[in-house]
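> One structure follows; several queries about it will come next.
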């Protein structure tokens, strides 16, 4: 076990833009763990966290789609670094909606990464944190899951499922000492959406990370990014279906 005395912050999806930006905002005085595929290629990300004031930075191999490895990974992190202080689930894929409409395997792959893998990892993390009696979980949902649109219904349905699961898990964790924060960003301008036309109220990974870090510090349960999306989606959920199905992305 580490002898730094700092409860580790673990970023699952340590190569993601939002995960990296959030990690930098949480790094000062913390023991950081970046978990991602090809963990031996995370030197630049690790260096950025050291520059941001991390006490120590570790990397771990992590394949979100390898569900059988989730439990052993969480157990080994706790054994090596002590109870996890904050776990951020920053992995996910957008996929190709057009392809997913005719390629069932691709549709399932999107849902597997964006929903099934998240459920698996959250379940293992929540159990470990319950045992410790403390900890924080950060889940990245999306406004795409608040009311699923025809233009991205595969990705949107996965996010809808994740949002529902995380909301229920947050309620189940009430009173245990474990908190769960759901971040609901709008369209994020970054690598995942490169080449796409930004939607109204688009945000950057930096803005998403800043808002999420602030919400985490303030003990919020849900954060909409930007905040104006919340009243917008209250209205959008009331639109008749024949109007909604004509909505662009």
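The chain as shown is numbered from 1 upward.
Cβ coordinates come from backbone N, Cα and C, glycine included.
Okay, these came from Swiss-Prot:
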BINDING   11-34  NADP(+) binding site
BINDING   142  substrate binding site
ACT_SITE  155  active site, proton acceptor
> Excluding near sequence neighbours, so keeping only residues 6 or more apart in the same chain, what lies with its CB under 8 A of residue 17 (NADP(+) binding site)?
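Same-chain residues close to residue 17 (NADP(+) binding site) (Cβ under 8 Å, separated by 6 or more) are 190, 191, 192, 205.
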> Give the three-state DSSP assignment (helix, strand or coil) for residue 29 (NADP(+) binding site).
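DSSP call for residue 29 (NADP(+) binding site): coil, neither helix nor strand.
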> Which entry in the list of binding-site residues, 14, 20, 29, has its Cβ near the fewest other Cβ atoms, using 10 Å as the limit?
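Relative to the other binding-site residues in 14, 20, 29, 29 has the fewest Cβ atoms within 10 Å.
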> Considering Cα atoms only, can you say which of 14, 20, 26, 29, 155 is the nearest neighbour of residue 142 (substrate binding site) among these recorded positions?
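Closest by Cα distance to residue 142 (substrate binding site) among the recorded positions 14, 20, 26, 29, 155: 155.
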> Write out the long-range same-chain contacts of residue 23 (NADP(+) binding site), meaning residues 6 or more apart in sequence whose Cβ is under 8 Å from its Cβ.
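Same-chain residues close to residue 23 (NADP(+) binding site) (Cβ under 8 Å, separated by 6 or more) are 9, 11, 14, 32, 34, 45, 49, 52, 88.
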> Counting across all protein chains present, how many other Cβ atoms fall within 10 Å of the Cβ of residue 11 (NADP(+) binding site)?
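So the number of other Cβ atoms within 10 Å of residue 11 (NADP(+) binding site) is 28.
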